[in-house]
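See below for the structure under consideration.
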Amino acid sequence: MNISAKEWFKSGSPWVWLNAGAVAISIIMVIGLLGLIAVRGLSHFWPADIVQGTYTIDGQSKKVIGEIVETHEVLTEQLIEAGIKIPDDNEFSIRHLLKIGNRDVNGTDFTWALEHYFEDQTRPVMLFTAERREWGNLYGYLRSLKESGKEISHYDGYEQSPEYMAMWDELDKRVERALRIHEDILKIEKHEIGSINYELERLRLKERGLQLKHVEDPAAYEAINQRRKQLDADYEGLQQRLLDLYTEINRDSLTAEVAGGQIVEVQLAKIVRIFRPNAMGIGQKMVHYAEKLWEFVSDEPREANTEGGIFPAIFGTVMMVLLMSLLVTPFGVIAAVYLREYAKQGFITRLIRIAVNNLAGVPSIVYGVFGLGFFVYFLGGNIDDLFFQAAKPAPTFGTPGLMWASLTLALLTVPVVIVATEEGLSRIPRAVREGSLALGATKFETLMKVVLPMASPAMMTGVILAIARAAGEVAPLMLVGVVKLAPSLPLDGNYPFIHLDQKFMHLGFHIYDVGFQSPNVEAARPLVYATALLLVLVIALLNMSAIAIRNHLREKYKALEM
Amino acid sequence: MNIENSSVIPDLDFDSPAARRGRKFRALKDKVATVGIGLGGVSVIIAILLIFFYLLYEVIPMFRAAEAQPWQQNGQVVEPYAVPGKGKTLYMAMEEQAEIGLRVTDRGEMLFFSTTSGEVIESIQAALPADTSITSFALVSENSHTFALGLSNGQALVFKHEYKSTYPDGKRVILPTITYPLGKDPISVANVALAQLTVSGNEGSYALIGGNEGNLKAVFISQTENMFTGDVELEQSTTSLPDLGIKIKKMLLMPDLAWLFVAGEGGKMAVVSLRNHDDPTITQVLNASSSKITTFDLLLGGNAILLGNEKGEVSEWFLVRDEQGSWQMTKIRSFDTGTSPVVDLAIEHRRKGFATIDTAGDLRLYNTTANVNVLVQRVADANASMITMAPRANALLIEENGKLKLWHIDNEHPEVSWSSLWGKVWYEGYDKPEYVWQSSAANNDFEPKFSLMPLAFGTLKAAFYAMILATPLAICGAIYTAYFMVPSLRRKVKPFIELMEALPTVILGFLAGLWLAPFMEENLPGIFVTLLMLPLSILAFAFLWAQMPKQIRWLVPDGWDALLLIPVIILATWFSIAISPSLELALFDGNMRHWLTNDLGIAYDQRNAMVIGIAMGFAVIPTIFSITEDAIFAVPKHLSYGSLALGATPWQTLTRVVMPTASPGIFSAVMIGMGRAVGETMIVLMATGNTPIMDANIFEGMRTLAANIAVEMPESEVGSTHFRILFLAAFVLFMFTFVVNTMAEVIRQRLRNKYGSL
């Protein structure tokens, strides 16, 4: 014994250790949390093997095909209590969560399966997964290919064979063709028809505006009607092309045998991707993984946001944050400069400083309420009355939208910028200012040419922190402009190109919405983790750069003070 | 550089016109900038302060008193006009826009008239059978527009007044009509003159009760539509009511046709159960009023009775289920009134409110839920006999001395009072006064329950559990980081933990709701074991470490202990979770949740306060940690060096010297952390069930003020009471955090000044 317990306690070192423990726990919590999000978010894109087996319960057996998503150890007793018949020779039972897909056949995507009853587990290489635009994944054996309803090839076995492979390759080619056509259709529907509709709507507003102004001149209306006719004709043309494309894309279909033995026919037009995970090597899987990851960040969501990508949410977040920083930087800096350089330093200034400081601690939802009441209903309502009479009663700015969201968040983050800039200004030695003034520069010149450049890293820090805060804030956005699914991006090719009155999607809200309001939470969960990971990465990056800038700044002025 | 060359004095003229212009321009620029920056700065600060004033601006209208003024038409006050038609008024009503009034007279005339001029628009005579007269009147409810006339031959007629708006030439024209929900033929109720009559019901089933004392008959009518002909067929059944033993003044039937309330002479009230249609029974006869009952009406929804008497008192009554499960007519509240006898009482059509007029001519407006009298105003001389409320409660028609006068009422938010927001209120259908938040429901005659107490309680509950976890962890961590940790490690650890603060709370909330909550439910015993195991394992490891030979101990220099502990903590946690199922099997019969619910009677929600405690604690830790760490680190080193030099151990130095000096800073850290926990929205929104209950149970959820705003704000109607109450909630949050943060900030500044002098 080196030291007795009594002495050890007297020395106080147990308490020191407990304090050390608190730090350790905090660190573990942070790392654990980040790790959890990373592992769950990233594993989603890995093509999981498809397992086939026979599930026998209550004397009935059925074939089950699916991916094993989760595996749990459960107390056997709890299962028995829940009314599941299982021999209680083992204290614990293993239970899998299987993604069986085929929602059109089964009604659900997921099922629980007890290991005890799940027999003959195999991973046949012939099983394939088809990611579809609706009804979720399809798992099964490819049975035939059809063109215009006529079968062009067929295969019935469960073993791999050259014929099967030939059919598979053919399918691959045809899926690719369908995807190309789909892209064309999308282009016409979204962009070309979209912009025609947009212009038609603008014409309608213009006409209504003329009516409101009591313009009687028939020439004005005639011009509008001319243009409208032309647009209608364009629209007809596009509609025809679309019809052709639709017949093209609906040409091919496949049939597949699913777990229950049924034959399911799927139009290739409905397929996003087909692959046979059990036959893939590690290299192929990595390629697949990269493709999925790219799809995630660059594509639009599918199936009520539970599949596909999150590009509109990324775009919306970036747009909103950019607009916000455009607003917050000048105002924050001016307020800080005023408080530090121009205002008389006294009791009032101190009071204002405390107030501004504390506004950073006011709950964000309060800003949301303010934004909704003041910006949306009050300002927006008045703007509509003044400038958008034609569109009434539909509100233009009198409804939540991108501009109000940016303004609200600018207000929310302005204290951050003010505080950071002020700190930067206060760090600049008096001597520097006085030197500049002594050389004959005016106060404004000193400010612009000496003080502000020196304080710019601090301003940067402030703006970056503001951006980081704004990017993660969700509660106020729920009131002032965010939606679960925006039909179009706030920036596009239609005049005036940037649509400040539009609602937008946001990463943080996407997490909330998909995770909690989605009809199929289980299927959406991995996507939510991936979205969360992306958000964390963005925000951590922003914060780390702010910290780096801050440290750099400190180093710089250390030298100055000498 | 050559000195000779530069010694030549250059020919510089600092006073050339160009230089002077330049200087002037620069001076101007400077001045403009000063003004500009001043303006900009002040306006940004004003914009920030605007939040406060705007919230207040939205809240204040709720607390404004109601107003009544004579109605103005095109800027002209509408003068009283003679009552249209002849005879005594039995009933008056107004349509939605308060443009057309209806007057039903005791001669069976139904007159539609303009409320501003008294001009008769249409007059309809009820088709009374020959040689009969009208003996009684009964109203189903104001918003059903249905009423009945009792006749001297024992029959009754049921009418409904309806209005249709048309827009010929872009101008609104309202066409009034009378319809007959039970057909045009009189319905036989009793074989005596209907001295008393009451009617109630809705589409499909009605009941009429009428007669005189000792001879009351109830007729239940159900309408069925003939599938082939489309004709409405009436099915009637008649029952005799038992003798009530009191002299009847007025009868009221509840809309569900199950209860009859009878006001009698001498302030008596009788309650008759009609739940069994064939066997009506008297359940209660009570002394409801100390003087003569003058008005007796059903409140909106038909569940509560308003009783006014000769002393001017008005009280609300409804049926309350007692401990034995039987319904008892109970006096719920009495209203603040004058002393003159109440003459008439008008019920609001959309809210739980009413207006009274007394013999002194005083008009009073009330809301029952809030128990407030929002207006007292003398509107008539002593002879006012009847008042009628418009459906939107924006107009009032008063009959006095054979004249009618139209009043404009401005009464937007009567539902709000101190007691309805923060006190216990006895709502309709409840057994006792309670704190309830329930802002909306599907039906129109719903009583909104705007008690902020459950929300405030939920907010504090969530903050409390979060602080329980966060405070010790953050403060202990900060102590170690600031005082014991080696500087090189500190420089890494501090920003790392501060990074947590930037973590979007939506992520924490989503993890708490979708991962932590199910995980905790599954490993409930393990969670509690972890709480116990963590300190124990740390202490055990530390003690063992102290026993190690010096050679090993010196491998890890002082201040790196935290890193040593990481594997220990991970192991301890893993162990606790791993033994969780076995523990559950051994101690709780395999299911701790069941055990909690069944054996201890503690309700368990999956998304509960414990989940919130951990998730929100996680969000609060960095805030408290960062400020505490700064406060401790800022304690001048010479203080601790002095203490150490005098022979104190590091721990003694910390607790006796450093901590007392830093304590104001730590206090302010806790305050700011608390402010953050109170206002946090996303975590509570996602990781609680959002049920506004008042229960401190750690295994149940809550609804906080912030989450409530997020949930209900998008759906509330702009300008409504609900909307403004949500603003009030935001204002409360704003003020709370602002005051707490200001206090903390002031304390921190004091502390800074103190250190400055050391």
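Glycine is no exception: its Cβ is also placed from the backbone N, Cα and C atoms.
Keep in mind that this is a model prediction, so the values were computed, not measured.
TrEMBL lists coiled coil at one of the ranges A:165-192, A:221-248, A:277-304, namely A:221-248. Residues 317, 320-321, 324-325, 328-329, 332-333, 337, 341, 409, 412-414, 416-421, 423-425, 427-428, 432-433, 436, 441, 507-508, 535, 538-539, 542-543, 545-546, 549-550, 552-553, 556 of the same chain lie 6+ residues outside the transmembrane segment (A:450-471) yet bring a C-beta within less than 8 angstroms of a C-beta in it. Counting Cβ pairs closer than 8 Å and at least 6 residues apart in sequence, the transmembrane segment (A:16-39) and the transmembrane segment (A:527-549) reach three or more and so form a contact. Within the chain carrying the transmembrane segment (A:310-339), a Cβ under 8 angstroms from the stretch's Cβ atoms is held by residues 296-301, 349, 352-353, 356, 402-403, 405-407, 409-410, 413-414, 416-419, 421-422, 425, 447, 452, 459, 462-463, 466-467, 470-471, 477, 482, 486, 489-491, 500, 504-510, 527, 531, 534, all 6 or more beyond its ends. Mean pLDDT for the coiled coil (A:221-248) in the predicted structure: 89. Long-range Cβ contacts of the coiled coil (A:221-248) within its own chain (Cβ-Cβ under 8 Å, at least 6 residues beyond either end) map to 181, 184-185, 188-189, 192-193, 196, 199-200, 203, 206-207, 210.
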